[in-house]
Amino acid sequence: MPSMRLDASESEYTDDEATPLTQHDIYGGSTKGSDTKNWDVFRNLPPEAENESVVDQACYLFIIKSLKIVAYIITFVAVLAGAVVAKGSLLLMTSQLEPDRIVPFCNRRFARDKQYEAKIPEVERISWTWALLFAFLAPEIGTFIRSLRICVFKSWRQPAKMEFIVPFFFESCNAVGLALFVFYVLPSVNVVKAAMLTNCVSLVPAVLGMLSRNSQNDGRPKWLLKCAVDIMAILFQLSGLLLWPLFSSESSSSRQWMLPLSGILISCGWWENYVDSSSPFAPIRALGKMRKNLVHTRYFTYIFISLWKMLIFFAAMILSVWIAGGNVANLFSQFSNSFAVHNINVTEVRYNTFSEISPDSPDALPLQEIIKESSATNAVTHTLVVQMLAAYICYIFGKFACKICIQGFSFAFPVSLAVPVTISILISLCGLRSENPCFWDSFLPQYLYWSCPKGDNFISDFIFKENAWVWLLWLLSQTWVALHIWTPKCERLASTERLFVTPMYSSLLIDQSLALNRKRDDDNDIRTDEVEQDPSETDYEEIRSIDSSHKEKDSKFKADTIPRIYACATMWHETKEEMMEMLKSIFRMDEDQCARRVALKYFEVVDPGYYEFETHIFFDDAFELRDEGSINSPVIVNPFVKLMCDTIEEAACHVHETQVRIRPPKKIPTPYGGRLEWVLPGKTKMIAHLKDKGKIRHRKRWSQVMYMYYLLGHKLMELNIPVARKEVIAENTYLLTLDGDIDFHPNAVELLVDLMKKNKNLGAACGRIHPIGSGPMVWYQMFEYAIGHWLQKATEHMIGCVLCSPGCFSLFRGKALMDDNVMAKYTTRSDEPRHYVQYDQGEDRWLCTLLLQRGYRVEYSAASDAKTHCPEGFSEFYNQRRRWVPSTMANIMDLLGDYKRTIKVNPDISMPYVIYQFMLMGGTILGPGTIFLMLVGAFVAAFRIDNWTSFYWNIYPIFIFMFVCFTLKANIQLIVAQILSTLYALVMMAVIVGTALQLGEDGIGSPSAIFLISLSGSFFIAALLHPQEFWCIVPGLLYLLSIPSMYLLLIIYSLINLNVVSWGTREVATKKSKQELEQEKKDAEDAKRARKNGFLGFLPGNASDDTAGSIEFSFAGLFKILCCTHQKPVDEGQQLLRIAESLEKVNKRLDTIEKTVEVPVAARRRSGVANSASSPRTEDKEGESGNTRENDETKDDDDDETSSSDTRERRDDLMNPYWIEDRELKRGEVDFLPGHEIQFWKDLIEKYLKPIDADKKKEAMIAQQLSELRDRSVFFFFMINAIFVLIVFLMQLNKDQLHFRWPLGIKTNITFVEATGEIQVSKEYLQLEPIGLVFVGFFALILIIQFMAMLFHRFGTLSHILAATEIMSCSKEVDSFNKDSAVQKEGVRLIRQFQRLRNFDGDSDNGHLGGLGDVAKRKTIHNLEKQKQSRRQVGTLDVAFEKTFKEILSSPDKQAKLLRGDNFEVTLQALKERRSTVLERRSSVVERRKSQMETLKGPILPPNGVPNGTLVPSSAASRTRGKAPKPAIKNIDFTNGAHNVRLGNSQGVMNQAYIPDDIQLYSMQQNRRNSGAWRDPELGDNGGLHQRDHVEDGDIDNSSLQMKF
């Protein structure tokens, strides 16, 4: 059609980003010639990337990596030391339970030539028995408290009968076995044996793990090998339980027969971690299914199980004492005595020589002297405390290691080393003790020591005679059973429930508990083909019917758990600089996602941080009239849209540091206006939705409604997949809300996604927003934002929930937004005055309020940095805060007003948090009065005036400003506010000096000094804890000077202008239609007439506005004074309007004459124009977009040819709107929406987003109601603050009668009376009135809460940063373990380097500022000549990587140049081998598919009688316009292993029912997200397109389609 033609002067772009890259060319064969003249070859290169987000990244990364290395070491030492100390102290306690135990006693205080020994009495054993019980109870009490807290404050589910009985049984077995093991078995063996036996408590996990293996998961050969090793581990565990009972020669071997029973019972405690629902055995499958349900019922169950385990362990303890021959009654009767001081009998060791003297009595013994030694007072208590603390430290640091992803070295390694290190230490200690009984007597009481092996050469005897070498097999078997701890798969900062099966630990066997309780299956393994599966383009039922062997529940959600991030930016009137920052951020995300996708498709590496990404930009008021003042002027995009189109390539050049051409956008007409689609170099899409405010409701909130319903409603809920899949997809779909001026990096988004993965109840997460700009207002906001994030947001995050996740940079979970009373309620139209304040002025905070009221959590990540442009002018800042202040208060009061229900629904909001928010709200309401009183007191101190004078001087400016705000226009109010702010800043400087003098007089102990020091100290410490943002504290002085302006004048300005609901920022003039100009003229005449007939209308000069003055004075429109009057200049616009009116009258008369004489209307005056196209300000009637109406306007004869043709052409807004022909939008492809999406937009607009018709009466009523709301709010604030000020001020005046004595800062006066010679000493106390004391305590409490919360939040942030930081391996040796680790950790980083576009085509670095070595050697002319001869091309990152990777493999020099000294040898070698493996696997897949598809050759009966040779679409209703006819399939060609479908008219069609589920047709017209076909050139013709593309509705428009696998 005529509107779609291209000029011959501008060549078409022939490349297509959706086309598979079949050429070894970075540009896919896409080029565009450049007709650069010789005189115009000079270049303006983009600047080099600064590689920084907030501060210098090089220094920052060095510090973070150093901290992570320190964390590695400290955590390793803490876990290992905790485990060793806990186990050693446990064995020390069990050693004291041996009956009739005799211990060598130090002879240092007695005769050194004699030997002594101590006998442990029963009362001593009783204390150690209770100590072991208390050590067991400590974590069980923690489990009970944790379970009770979660069930009370959070959600829980009651378990089924079997879900309670089975855990109850296994946990009971564990408690009984542990009691028998500790109280009966371990006391009967020496400590070295005891330590070894702790490696024999994993028999049941070994058996269950073997029975849970499925040959289908690992492949039969691998499964057989694992089962063989499992059998060996089981045999080794059995040998440990049976070896010493069978072969031991000790007298206590009978007690050791309890070892097998206790070992088996103990190992029952870790059953849950080793059962799998995919087991081939039915009982194991049942337990595996039960395990999944226990995740939701665990805490309710463990409330009772923890109590039961305490009781059953206590009962088993009594049983063990009774079996061992002890007196059970003494356990209770001697309890108090056992922990008190008692006697230890010490005797001399005498050899039996008395039988030689008295042969008649060979069994007689000489008399022994018994020495009474007092027991240590707190030996038992100290040992118990050490054991519990060591176990807890081991658990806490082990969990910390798992959270920050250092599990291998700092968790698995020390846990595995715990027993060997303990044995080594015990052998050393026993050897030293056997040589010297006084060894360690200063550390332990002399009668306390471990039970060591007997004999002089006990080590060799123990190893060989006692068969202790078998212990190595036990250690290896436990290592195999707990092998999963070496290969963690969970996400960063995973919750405790994600890390461990049961919530706590067993302190008596801490290392075994941590290893066997650590979850071994995180369900995080996702295959490459699953990742490529796109639910939006896959018919689930069809795939299931193709391969019925796949169970829906087996792998139904793995690919659905991949994060899908939709960046949703709202734009309006941003400047080029602001647009540039946002677009650069999008290009960075595109580059990052491309690197992860290349790793996935080229090396089949599923990066843990892999995500899918797509950008949507929603442009408000994106259209304007081409001709202002015209009746039927066509609509074009406004200058801001064009500015963005011009800025995109420049932003790409800045990110990629080279000249990059972006394909012109695809232009799509839509019911709401239009759409522009770009495909970025990384193959992600960026879609700009252009909103016409005449067709759809504008403003930010309605743009948010627009993308929520489009992305979550249309694109997700209308998928033809099961509901369970939609649930998982919604849970992992995230909306990244952005402003048009935001600047961020991919790692900031990754950190927010980490929070989402960690907590499924998290509805939104926000990052640290850094204001940027220049000027004093920006400096003020730097400090304000810093303090707000450091203290306030951190406190909200720690003790409750963040109340506002700003829309400039936040991540929202799709499932949370889709919940009841969130998305649907967010569409509520503002019909009440409160709605305009709460809904439209603070939409971001209201959305978070809705999430909180539905039970979702909102968090803050201080490590996720983003920068945004903030107001640089005073007026713009005040107008912004004029919106923020009332909306913030309205939303918080809405939340607090319904706090009881919110506490009940939201587990993260508690009563203390509500009280904290009430305190903040009270401080906000009383803020103006507090600042006023502060100023009054400061004036008194600074200017040495009395209280009343200071009161008057401060009250007058406030009343004046209030009067100005009530009576004058907004611009006058802002001028007055600016003047007063300046004066107050000067006064505050004097106040600061006066306050300092007052503090010097009152002393450092005065309340003011303490509060000021505490406040400034907390700010300074907070800055030290935020080293990247330390310099934000420098503008603190400016913040202090601005306190009266920001907390007094701004509050007054915001409240009095509460009835003003306009945006107030980024306002620009727009072109207006003739109807709008006429309406403005009519309104001006009505206003003029009203003034004439109103008050003072009788005065002369009031009837005419033709006179103007060089100097004018007016007061609120009541009167005006003109000086040096003169006639007003002629308004050319008004003259043109009058001419247009005259021409219109002439046209109407001509029309009337033509109708009368029945003359055909000329085409140029009767062109059909669609209603919506002719005037975007008129409402588009539903279903009549294609109808036309006659224009009553004639065109001037001077109009150019293009305008005439435009007017003659019939327009349809969904087919050929005028704006798509705009040359400034570039000559991109024109496409159209499918029918179902058009219907969706029409329905959405009709129900929620239909433009609001202007209703003067309703607008006047709303304005009146807003004024009434303003008056009520001002009156409330005024009265509350007036009463508060009056009370405090009167108390200040009467402080001598009503006050408290401040205990600090006391002054002592010493007076010498000469007359009497007396010395009088008097004390002078600082006086504090009651209200002042309350406020000091009030603000001190808030400060303490915020400071403590900030400390905890900083630790969490540091953990998050450490978890996200990878340390490069320095090893040059490549082994199998290092290969996989290197690919996982460093592969994406290396790919990101290889896919860089800069210098790829031989661009020289000389043009960049980085090459400033020798300017004289720069090849300037050579580079310019080369630039002139080059062709401007489109860069794609994936092909750039492919080509670079090939060059590196073949050229070591190229490798050294690109790596630039980075030690990536291990990673590069691993990538090479990984690529070879992938090619081999894909080649085998090709051959297998080839053999499977051989049966498809030959004719196949047509379905439903349709003639052969055609493809039948599944649904004719879903056809879209603009598609080519569907071709016929001729045959399937299998040459060279590729499956090529030839289309033609021959008989036979492909039977779609026999196509494997991983082979789909490739469609050139597909519109899938993140499209970008991938090929394997190294496979030659066998290389398939590894991308799942969907042939929508059977539409195919190319002559041949290639099958993909």
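Every residue, even glycine, has its Cβ placed from backbone N, Cα and C.
Automated prediction, rather than curation, is the source of TrEMBL annotations.
Computed from a predicted structure; not experimentally measured.
Copied over from TrEMBL, here are the features:
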| type | residues | note |
| --- | --- | --- |
| COILED | 1067-1094 | coiled coil |
| COMPBIAS | 9-18 | compositional bias 'Acidic residues' |
| COMPBIAS | 1177-1192 | compositional bias 'Basic and acidic residues' |
| COMPBIAS | 1193-1203 | compositional bias 'Acidic residues' |
| DOMAIN | 61-478 | domain 'Chitin synthase chs-1/2 N-terminal putative transporter' |
| REGION | 1-32 | region 'Disordered' |
| REGION | 1164-1213 | region 'Disordered' |
| REGION | 1489-1526 | region 'Disordered' |
| REGION | 1568-1605 | region 'Disordered' |
| TRANSMEM | 69-92 | transmembrane segment |
| TRANSMEM | 128-152 | transmembrane segment |
| TRANSMEM | 164-186 | transmembrane segment |
| TRANSMEM | 223-245 | transmembrane segment |
| TRANSMEM | 299-323 | transmembrane segment |
| TRANSMEM | 379-397 | transmembrane segment |
| TRANSMEM | 409-429 | transmembrane segment |
| TRANSMEM | 914-939 | transmembrane segment |
| TRANSMEM | 951-969 | transmembrane segment |
| TRANSMEM | 975-997 | transmembrane segment |
| TRANSMEM | 1274-1293 | transmembrane segment |
| TRANSMEM | 1331-1352 | transmembrane segment |
Positions whose Cβ lies under 8 angstroms from the transmembrane segment (69-92), at least six residues beyond its ends: 132, 135, 182, 186, 191, 194-195, 198, 383, 386-387, 390-395, 397-398, 400-401, 404, 406, 409-411, 413-415, 417-419, 421-422, 425-426, 448-450, 507-508, 510-511, 514, 1362, 1367
Cβ-based contact of the transmembrane segment (299-323) with the transmembrane segment (914-939), 3 or more pairs under 8 Å: no
The transmembrane segment (1331-1352) touching the transmembrane segment (379-397) per 3+ Cβ pairs under 8 Å rule: no
Overall pLDDT for the coiled coil (1067-1094), taken as the rounded mean: 60
Other parts of the chain folded back onto the transmembrane segment (1331-1352), taken as Cβ under 8 Å at six or more residues beyond its ends: 790-792, 794-795, 797-799, 916, 919-920, 923, 930, 1007, 1011, 1014-1015, 1018, 1021-1022, 1025, 1287-1288, 1291-1292, 1300
Tertiary contacts of the transmembrane segment (1274-1293) (same chain, 6+ residues out, Cβ under 8 Å): 925-926, 928-930, 932-933, 936-937, 947, 951, 1051, 1055-1056, 1058, 1329-1332
